[in-house]
Each structure stands twice: as structure tokens, then as C-alpha cells.
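Features as listed in TrEMBL:
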- 28-48: transmembrane segment (TRANSMEM)
- 112-130: transmembrane segment (TRANSMEM)
- 142-160: transmembrane segment (TRANSMEM)
- 180-203: transmembrane segment (TRANSMEM)
- 224-244: transmembrane segment (TRANSMEM)
- 287-305: transmembrane segment (TRANSMEM)
- 317-340: transmembrane segment (TRANSMEM)
- 346-366: transmembrane segment (TRANSMEM)
- 398-419: transmembrane segment (TRANSMEM)
- 425-449: transmembrane segment (TRANSMEM)
- 456-478: transmembrane segment (TRANSMEM)
Amino acid sequence: MSTVASVGTEKQGLKMLVTAGPRAQKMVGIWLFGSAAWVFSMVVLGGVTRLTRSGLSMTDWKFAGNLPPLSDEEWQQEFEKYKQSPEYKRVNKGMSIEEFKFIYWMEYAHRMWGRALGVMFALPFSYFLRKGYITMRLGLRLSALFAIGAGQGLIGWWMVKSGLEEPASEYVEPRVSPYRLAAHLTSAFVIYSGLFWTALSVVMPEPPAESLAWVQGAAKLKRLAIPVSLIVGITAVSGAFVAGNDAGRAYNTFPKMGDVWVPDNIFELKPTIRNFFENTSMVQLDHRILATTTLISICGLWWSTKKLDIHPAIRTLVGATFGMAALQVTLGVSTLLSYVPVSLGTAHQAGALTLLTLMLLLNHTVRRPSMSLLKTLPQGENNQKQGKLRTMAERNVVYGRSVMLAALAGMALAAPLLGMMGFSFLATLTLLFITSPLLLIFSPLLLFAGLVLMGALVGFAIAATMAFAGVSTLAWMYREIRGSLGFGSRRGQLVPGRYLQQTIQEK
């Protein structure tokens with residue numbers, strides 16, 4: 001019956017990637033979502049490895065992997081290898097073997113977690129191919145992703161090898177090449193995006209659509225979502241260059257960079273193009289500008305949907321994306337001001353991937369439905385009313401584009417001013433409500449205590465806001481994905497809809 005169902009759905013023009021019925025569709029979807037989540041954890045673990053300076057602790061690389069040191073003698077041998085590296089000689093000289101064990105285990109876990117991902121991807125892939133669940137199109141796509149994943153290990157070693165070479169100057173701190181680190185991180189983002197998009201395509205062969213008006217609204221929103229997604233991707237890659245140049249530990253002030261808005265040395269390297277990838281000042285300035293552009297662009301995207309006639313789930317998704325963008329900027333500023341602690345630095349990297357996830361989900365839900373689905377959608381009872389809605393929607397999309405263009409033109413001025421006003425306003429309000437101005441005049445001790453309390457409360461408020469936003473976003477995504485896998489059914493969820501389910505049952 002499942003085979004007949006799949007053939008029937010193919011004849012109806014549905015974009016099915018799994019050919020053995022709903023059960024196979026659910027199994028393949030769970031596997032792909034699990035693989036994407038594994039890659040997500042790999043990116044987070046890689047961020048922790050970088051921030052703890054653990055990446056150069058293993059000075060060799062074997063394709064099949066190797067066992068960790070098990071005896072004191074083996075540990076000493078590995079430690080002696082590390083002592084020959086530039087990082088030990090210039091940064092960690094005098095490190096104890098216990099401290100070395102910590103960074104070694106971090107790098108070892110990162111490498112083995114990646115190899116385990118390869119095994120856990122390949123085994124179910126082989127099983128689904130053997131059972132005939134996967135179409136040729138899906139098989140080729142997954143094979144390409146598997147090949148990129150296999151090459152990711154080579155890219156990682158290529159990156160680490162650059163950090164084991166002697167720096168050009170004795171005053172330069174050993175670090176991996178920012179170009180290679182960016183290639184390594186970008187490759188991970190590509191793999192994750194491919195897996196997540198494919199998983200969505202498996203469990204949601206059709207976008208959510210119950211009327212032609214919603215489809216038309218989604219088409220207009222798509223024209224904005226694609227360029228915004230491009231900005232999000234470029235910002236994420238620029239963050240890789242910030243990490244590669246250790247630029248987050250320079251200019252730990254906001255909104256200004258030190259005492260100035262724009263440093264004087266942003267074009268000191270020759271040729272000029274090198275400054276955008278190797279100059280610490282320029283790299284951080286680029287990331288600040290791109291991050292501000294991303295936030296304002298997503299705000300414009302959200303504003304453009306206020307009067308668009310779109311599916312309720314898409315409207316919710318755009319709002320969640322806007323909230324995540326604001327949270328990501330907050331994480332970035334907090335990371336900068338606190339001199340890049342491991343916790344905030346890792347959260348900021350995870351936030352970038354979460355924002356990319358939401359943009360992928362948004363682009364997937366606003367894609368064009370198949371012709372067979374379009375033919376079944378109601379035309380609407382009041383054509384005049386729908387025409388008015390379309391006119392309002394078009395005007396609103398144009399307004400959203402104008403907001404984006406204004407953001408691109410005025411971001412250099414708006415970001416520092418808004419940031420300065422926001423932080424000043426927050427600090428002033430907190431000081432007024434937490435401490436009494438009269439008491440502060442007569443007691444320096446109370447002034448100090450008030451400032452400490454203010455900082456603690458502001459920090460707690462930021463942490464609580466980030467935690468609430470993060471948990472809420474994850475819970476929402478869990479409900480939507482759980483529903484799309486067939487575990488639930490409710491109005492507005494991101495699933496193929498009753499049309500697909502009825503078609504499968506009828507066929």
C-alpha cells in the first residue's frame with residue numbers, strides 16, 4: 001500500500017524524496033535531522049576547542065584515528081611532541097602535563113566526534129539505500145554531502161598544520177591561518193545547511209499553503225528572504241575571520257572601537273584587499289557593520305510581514321528569526337565587552353548557526369508549491385477583497401525593501417548611536433531604581449555597592465533574556481519539527497498539510 005501511495009503522490013506532482021510511504025519518510029527524516037543536530041554539536045565543540053586553545057595540542061593526524069595515550073609514558077611522549085610546537089614555546093611554556101591533558105582531550109574529542117558522525121551517517125544511509133527508501137535525486141545529494149564531510153577532516157588538519165609552523169616574526173603569536181579556519185567553519189556550515197534543508201524537504205515535500213492568497217504572500221516574502229539570508233551567511237563567514245585573527249580580543253569597547261569610531265590603521269596592509277581578512281581592526285569593523293546590517297535587515301523583513309497575507313506559521317517563524325537576530329547581537333556585544341570568555345564565545349558561535357537555521361527554515365517554507373497543490377487551493381470568495389490585500393502586501397514588501405536599503409546606507413552611523421543610547425539608558429535606569437541618589441552622595445561605599453549590584457542585575461537580566469529566548473525558540477522548533485514528522489496535527493504547523501495526507505490515504 002505504501003508503494004502505491006508513493007506512486008500516486010508522484011503522479012500528483014508532489015516533490016517526494018522518499019518512495020516507501022509515510023513510515024519510511026518519517027525514518028529518513030529523523031535520521032537526517034539527527035545528523036544535522038550532530039553537525040551542530042560539532043560546530044559548538046569546535047568553538048570550545050578553539051577558545052580553550054586546544055586545537056594545536058595534537059601535532060599529527062591519522063585518517064582512521066588513533067587511541068589516546070593510556071599510560072604515563074605515552075602521555076609524556078605526546079607532551080614532548082607538543083613542546084616542539086611554536087605555541088608551547090611562545091604561549092604555553094612551563095605548562096604542566098595535567099594542563100596539557102585537558103587541551104589534548106578537547107582536541108581528541110573534537111576529532112573523534114567527527115569520525116563518529118561519519119559512521120553514524122554512513123550506516124543508516126546504506127540501510128535506506130538497500131531498502132529502496134531513497135530516490136536517486138536524494139541519494140546523489142546525500143552522497144555529495146558525505147563527500148564534503150569526509151573532506152572536512154582533511155581541511156581541519158590543513159588548518160591545524162598552519163598553526164604548527166613558525167610565525168614570520170618572533171613577536172607574532174602562533175595561530176592557525178584565518179583563511180583555513182574560515183574554510184573549515186564555512187564547510188561545516190555548508191554541510192549543516194545541506195543536511196537540514198534536505199531533512200525539511202523529506203518531511204515537508206510541500207510548503208504550508210491553504211489558500212492562493214497565502215501562496216502569493218509567501219512568494220513576495222521570498223524575494224526579501226533570499227538577500228537577507230545572503231547577508232546572514234556573509235556575516236557568519238566574517239565571524240570566522242574574527243576568530244582566525246583573534247580580533248575579538250581587540251577593541252573590547254562598544255559602540256566605539258577604543259576611543260574612536262573607526263581606527264586609523266584599517267588600511268595599513270598592502271595590497272589593500274588583505275586588510276579585510278588579516279587586519280585585526282578592519283576584520284572587527286567589518287563584523288560589526290555586517291552584524292548591524294543583519295539585524296536591521298531582519299527587522300525590515302519582519303516589518304514587511306505585518307500586513308502580508310501569509311500562513312500563520314510563516315509569520316511566527318519570521319518573528320522568531322527577528323528575536324534570534326536581536327539575541328545574537330546581544331551575545332556578540334556581551335562577548336566583546338567581557339573579552340571573549342569561553343562560555344559567551346561558544347554561545348555566540350552557536351547563535352550564528354541557530355540564526356542560519358531559522359533562515360533556512362524560512363526560505364524552505366516560502367518556496368513555491370507544486371502545480372498539483374496549487375490547483376486544489378481555494379480561489380477565495382471575495383476577489384475585490386483579495387485584490388486589496390494583494391495591493392497592501394505589494395506596498396508593504398516595497399516598504400520592507402526600502403527599510404533594508406536605508407539600513408545598508410546608514411548602518412555605519414546608526415549602529416554606534418543606537419548602541420550608545422541603549423546602554424546609557426539601561427545603565428541610568430538601573431542606577432536610579434536600584435540605589436538612592438541621596439545616599440550615594442554621602443557614602444562612597446554605597447556607590448560602589450550600587451554599581452556592583454547594577455552590573456549584577458544587568459548581567460542577570462541579559463542572561464535570563466538570552467535563556468528565555470533560546471529555550472522558547474528551541475521549544476517552538478521542536479513542536480514544529482515534531483509535527484512535521486507526523487507526531488502531531490494542529491493548525492498552522494509546518495507540515496505538508498491535510499492535502500498530502502488525504503492524497504496518500506486515497507491513493
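The backbone N, Cα and C atoms fix where each Cβ goes, and this holds for glycine too.
Across 112-130, 180-203, 224-244, 287-305, 317-340, stretch 180-203 shows the highest tally of CB pairs under 8 A with the transmembrane segment (28-48).
If you count C-beta pairs under 8 angstroms between the transmembrane segment (180-203) and each of 112-130, 317-340, 346-366, the highest count goes to 346-366. With a threshold of 8 Å between CB atoms, the same-chain residues lying at least 6 positions outside the transmembrane segment (112-130) that come near it are 24, 27-28, 31, 35, 38-39, 41-42, 45, 65, 139, 142, 146, 149-150, 152-153, 156.
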